[in-house]
Amino acid sequence: MTQWYPASPALWQGRDDSIEAPDARRLFQTVTRSETFFPENWQQKIALMGFACDEGVKRNSGRPGAAGAPDALRKALANMASHQGHERLVDLGNWVAPTPDLEGAQQALRDAVSRCLRAGMRTLVLGGGHETAFGHGAGVLDAFAQESVGIINLDAHLDLRQTDRATSGTPFRQLAQLCDAQSRAFHYACFGVSRAANTQALWREAQWRNVTVVEDLDCHDALAQMTQFIDKVDKIYLTIDLDVLPVWEMPAVSAPAALGVPLIQVLRLIEPVCRSGKLQAADLVEFNPRFDEDGAAARVAARLGWQIAHWWR
């Protein structure tokens, strides 16, 4: 059974500059850490949750280690300066999945996300492999059953694989099938796709599903496509697979990208999403601390989470 644990206070440590001025604060001083999972106490806040699971990566023949990412990313976030929006972060702990029960873990995350959103929170989830996206996305669909939900994925991979069981490569096919079962439209956009990393069968599936696809080569000029997608939906779930970044910026993932989309371009693409007033849920997935020798990759990933919380409207 998937277990919930509060985040350790030892993760939220950093440099104390408060002697300089009252507003010389860092995230470890402004994030609220909860000892219980009770989102109803935190309306209008951002639920920071970890999904400590990489069973989907293992099933997808990837490099395991992403289960250790949530706490590594908390440590990287802790010492970053606290600015507007960061005081809304409430650490609601980790969902820890026992191997090999991926399906049970995804259901636990789905229920937790739905509960947070229905309580008036927003969710920022630290994965975990990209299997995180099915649990997270399903929770968003559950919470907004009467509204159109747009799924925006920044990723080198379409993750529309067809297999006999869930993996880190299947979450968006699973979400599409969930939408089919609920007789609702599947709104999915994937930015940063590597044609070299996706078979013709996956491209065909994306075309059949009417997926908005922007290749890595074209992301430097994709703001118009992002805006068009934002405009056509009521609510948005944003998921960032860190392998969308080039290997020289993000080596610490299961499948590093030879080309990728540079961090500055990723930030410019997600800014209008965060400021749209429609973003309800976001996650960072596939970070693997086993391949981060000096913590630099963790800081890259944490900067994305920091920026999302800062821009979130």
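Each residue, glycine too, has its Cβ placed from N, Cα and C.
Here is what Swiss-Prot says about this protein:
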BINDING   H130, D155, D159, D241  Mn(2+) 1 binding site
BINDING   D155, H157, D241, D243  Mn(2+) 2 binding site
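If you take the C-beta of D155 (Mn(2+) 1 binding site) and look for same-chain residues 6 or more apart in sequence within under 8 angstroms, you find H130, C190, F191, G192, V193, T239, I240, D241, D243, V244.
Within 8 Å of the centroid of the Cβ atoms of D155, H157, D241, D243, where the record puts Mn(2+) 2, the same chain has further Cβ atoms from H130, N153, L154, A156, D159, G192, L242, V244, A255, A257, E286.
Same-chain residues with CB within 8 A of the center of the H130, D155, D159, D241 CB atoms, the Mn(2+) 1 site residues themselves not counted, are A133, N153, A156, H157, S168, G169, P171, F172, T239, D243, V244, V285, E286. Annotation for the binding-site residues H130, H157: lowest Cβ count within 10 Å of the residue's own Cβ, H157. When Cβ neighbours within 10 Å are tallied across all protein chains shown, the highest count among the binding-site residues D241, D243 belongs to D241.
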